[in-house]
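So the structure is just underneath, and the comments pick up after that.
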Amino acid sequence: MSGPASSTGFHIHAEGLHERNVQPSKPTSDGGVAPKALDDKSRVEEDERTDSEKKTFGRTPGGTIFTVPPTRDMVSQLLSPSEPKNLSDIFVLAIISCHIFLLRFLPSSFRVAAFAIIFLFWRAAYNIGIGWLLHMQSNGRTLVCWAKKSNIFVNPSTGRNPHPVLYNLLKWELETKIPEQYSFEDAPTEYNTWLVFRRVVDLILMCDFTSYCLFAIACGGRPAGEGFIMLALRWITGMSLVLFNLWVKLDAHRVVKDFAWYWGDFFYLIDQDLTFDGVFEMAPHPMYSVGYAGYYGISLMAASYKLLFISILAHAAQFAFLVLVENPHIEKTYNAPPPRKRVAVDTDNVKPQDDDVSQDSSVINDNEYSGKAVATLEPSSMHNLLGPHNFDLYRITDSSVLLIQILFSALAILTPSTPVYQFFFVLNAALWRVWYSVGIGYILNRQSHCKMWTRHFVKYGESNQEAWQQWKGTYHLSMTMTYASFIAATWKMYSFPQDWGYGLVLLRHILGASLIALQIWTSASIYESLGEFGWFFGDFFFDQSPKLTYSGIYRYLNNPERVLGLAGVWGAVLITSTKSVISLALLSHTLTIAFIQLVERPHMQKLYGQSLRRDAGLVRSLKRSLPPSLKQFHGSVDKILDDSIEFIEEFIEAARPKLAAGVKTFVKDTSALFQKYPARITISRLEPDLAGYDQKDYSISLEGTQSSEPAQFERASDKEGEKARSMPDRRGEQVNLMFEYGAPIKVKWTAPLNHSKKDWIGLYMVTDNTSREITRISSQGRWIGTNKASFDSLTCEQGLISSDIVINKFREDGEPKDVASGEMVFSGDKLWWTQGVFEFRYHHNGKHNVMAVSRPFEIRIGRFDDDAIYGDRYGLVRAAIESALLPVVQNCFDRDPDIAPQTVEEQYGSLVDRNGKYSRRVVFAVHQMFGIEFAPEVVRADGNVRNLAWRICNAKKVLAPYSMSRTNGATTPTAEHES
């Protein structure tokens, strides 16, 4: 696990807040820049060549190119006397002064509680308030929509700005702050919106920091009986952390400037490459990780557990902000999925590979679907081991792990904590640790040198893939047993404190829990970077080694498990403070380092050679900051360590014991895990005034792709009564509306000419609403506004084709009348991805009053009937499955040309691997069509329709004796056969 990440399935991307890598790449969500815009930019650059000062160019989602003027940082603008001040600066300084006055005049008994509430308020304004604004801006460009709807940046002389006073105030405010290269009238709306957003952020961040410092002053004190040495250590350590925090902030701002500091890429992008060094080579997300070291330094100087707990809460909230707001936007903007290769695959030359572990399955040749050739070309499965979402009781590895964990827990809890039991639990933990490092290390060493593990399975006729699966189970069981035994031993040695306030008891528990959390995060980061292949040492088993990429946590550390990967072990030492646990921790750390040096490192050097880097980002940063004398000392220490390790390797090679490796075969099944999402509850809003609107002027009509004939004729099958086995005779009625699963649906609507511009149409299940006048359930995003720029989000405009086209319509009473009409298309996430009967509802003025309801229509997936296919059963059935499956898969992939295949051989787009909703749609459709339930990972592993069709054929053959449908194959033996 110490190796760098595989290049398959993982890409290096920029870090979080204030540290995203501002590349000149195009954002993936809103399209690129028009050619005309690029020509405009070329002309601008040509005009500016004579300018000695290098300028930065910004690019809005609409393609507008503009010059980004230089700005100053927040602290300089507010506190520097040389910087011009305006009303917003005075307002921020006044709010900060109010906080200071509160500390001065509040009674001492109320200060702590009052400033705790004040700080939590500003922290909530930061993480929840700013987080919500950025989330809405990222997904629907809400802030820019607000600005455009209110016309606050439009010159009042045009007559379109109803707020001339606000316009003049904003113009004076912003031009005072940016005196160079900036014009309020000429700047795009996105940039002006960002500048206003900056002022709000300045207020929140300054008040957040000020209230925290004042809260620390209110909580500060000196513990009773504290000696001078402890006092000095506490203050020296605290000041060091604060100074380190200050350096992190300054260095981060030096690198990313104001653009990333204030989340500029939520509004526009800049065409500029930034060099990330300094703090960005030391730790992932430094503004969120090491950038909060000052909190703990101040808590240490204040000697207050109240302040420490508040600091931990604030730090956790910041990580939540990163995960929920920053990372999704960064992934969407900078880490676009690579374009799909549309080169046709020569299926005639595909060779079977038993040891194929790639996620890109081979395309299967039509002529090779017979006999044993089918088994050799089976696409690899994607039923991973790690993670709660991959836990499967049908798999022997998972069920064994669960049963053993239950047994260990019962033994640890039910047995007394006597010295005898403590000894055996500690001994058991030590033995498992020895096996995990020495035993597993020996197996991997032999596998690296002579393929011992693989040869054993090949000897018995198994494939390399089977050896790989059995190894994964063995390693997973060994790892879980090692940590379970250590936890059990720690539990036995732990004694519950009688007085949490005595000495450093509470602090030890807090630090211990923090170290445990650090190890969990490190393990998750390692797995995220390496995947299953790297986590289980896949390059020991497969010669087709992937290209090295240092991404994720490996961008900063070469071997994160060397220190951070064992932080939880030392956390247990702090919590228990017993010699036995200290011994286990020392043993674990020593064996882990030996495993890395004696097993992993030689194999990595043999496999990757010179492509291995010597120093990680953190080491490079530290070396640059060391004086020359210490650099030479570091080199000498490295030489001594290398010589010592080489001596140990030679000694072990000469005296290595012969270990017998007996491994039993495990049974593995695949089952699906579906995640259920809770329903969202909303309160219906009623429009009080509906006078002047005639509901006869409103109408909705539908157009869609009709479902297949099997789906339409299922209602008239022989399972019905005799009179119901034929299609119903419709007398003067329209045909039944039955649309394909996932196919786009076009909605045509009419409304009065004076209808509200905030009208909208939503998609619902018929059974969800009992009232035809009011909708009392949320559309859950399945709605589109009838007019553009009427709502505060762009997502509600996706699918809108036309609006307010005047047509002459005959009403139900026969009277002709001019009405407004429009069209929209519901597709993708705006559809229901299940079967049922649905309807569209036209709502009035942004509320839930229903003005028109469409005809009910049904979404139905027809059952595939292969009994009607004769001749070459396998070949014809598989071809028929491919033909039936291709349009369904295309619908499941939103008919997006970047991910939806055009032929059965074409590979899926890479976005299918990133977003699990696509594969879940496909497995639902397959289940309804063929009665076969797959896991979503199967769809991603197969990679194209042909492989998926083969898997369905194979599953139908395997499950044929248990099928509930008619079949021409073998059935249960009759009495005649038995006799």
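If you go along the chain as it appears here, the first residue is 1 and each next one adds 1.
Keep in mind that glycine also has a Cβ here, set from the backbone N, Cα and C atoms.
Not measured: the values here are computed from a predicted model.
The feature compositional bias 'Basic and acidic residues' is assigned by Swiss-Prot to 12-21 (among others).
Residues or ranges marked as compositional bias 'Basic and acidic residues' by Swiss-Prot: 37-56 (among others).
Sequence annotations record features per position, and here Swiss-Prot assigns compositional bias 'Basic and acidic residues' to 343-354 (among others).
Residues or ranges marked as compositional bias 'Basic and acidic residues' in Swiss-Prot: 715-729 (among others).
As annotated by Swiss-Prot, topological domain 'Lumenal' applies to 1-89 (among others), with the evidence given as sequence analysis. Restricting the average to the topological domain 'Lumenal' (1-89) gives a pLDDT of 59.
Annotation comment: Swiss-Prot describes 135-199 (among others) as topological domain 'Lumenal', evidence class sequence analysis.
Counted with DSSP, the topological domain 'Cytoplasmic' (221-227) comes out as 0 helix, 0 strand, 7 coil. Annotated topological domain 'Cytoplasmic' per Swiss-Prot: 221-227 (among others), in sequence order.
Annotation source Swiss-Prot lists topological domain 'Lumenal' at 249-281 (among others), citing sequence analysis.
For 326-398 (among others), the entry in Swiss-Prot reads topological domain 'Lumenal', with the evidence type sequence analysis.
Listed by sequence, the residues of this chain that lie at least six past the ends of the topological domain 'Cytoplasmic' (419-422) yet keep a Cβ under 8 A from its Cβ atoms are 489, 492-493, 580. The feature topological domain 'Cytoplasmic' is assigned by Swiss-Prot to 419-422 (among others), with sequence analysis given as support.
Marked as topological domain 'Lumenal' by Swiss-Prot on the basis of sequence analysis: 446-474 (among others).
Positions annotated as topological domain 'Cytoplasmic' by Swiss-Prot, on the basis of sequence analysis: 495-499 (among others). For the topological domain 'Cytoplasmic' (495-499), the list of distant contacts is 505, 509: same-chain residues at least six beyond its ends, Cβ to Cβ under 8 Å.
Marked as topological domain 'Lumenal' by Swiss-Prot on the basis of sequence analysis: 521-565 (among others).
Annotated topological domain 'Cytoplasmic' per Swiss-Prot: 587-979 (among others), in sequence order.
The transmembrane segment feature in Swiss-Prot is assigned to 90-110 (among others).
The transmembrane segment feature in Swiss-Prot is assigned to 114-134 (among others); the stated evidence is sequence analysis. Note on the transmembrane segment (114-134): residues 99, 102-103, 106, 142-143, 197, 200-201, 204-205, 207-208, 211-212, 214-215, 218, 263, 266, 306, 310, 313-314, 317-318, 320-321, 324-325, 329 of its chain, located 6 or more positions outside it, place their CB under 8 angstroms from a CB of the stretch.
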Long-range Cβ neighbours of the transmembrane segment (200-220) (under 8 Å; 6 or more residues past either end): 74, 77-78, 88, 91-92, 95-96, 99-100, 102-103, 111-112, 115-116, 118-119, 121-123, 125-126, 129-130, 262, 295, 298-299, 301-304, 306-307, 310, 314
Within-chain partners of the transmembrane segment (399-418) [C-beta distance under 8 Å, separation at least 6 from its ends]: 391, 393, 425, 476-477, 480-481, 484-485, 487-488, 491-493
The topological domain 'Lumenal' (249-281): DSSP-derived helix, strand, coil residue counts: 20 helix, 2 strand, 11 coil
Cβ-Cβ under 8 Å with the transmembrane segment (282-302): same-chain residues at least 6 beyond its ends: 15-19, 212-213, 216-217, 219-221, 234-235, 237-242, 244-246, 248-249, 252, 308, 311, 314-315, 318-319, 322, 525, 552-553, 555-556, 617-618, 621
Other parts of the chain folded back onto the topological domain 'Cytoplasmic' (221-227), taken as Cβ under 8 Å at six or more residues beyond its ends: 234, 302-304
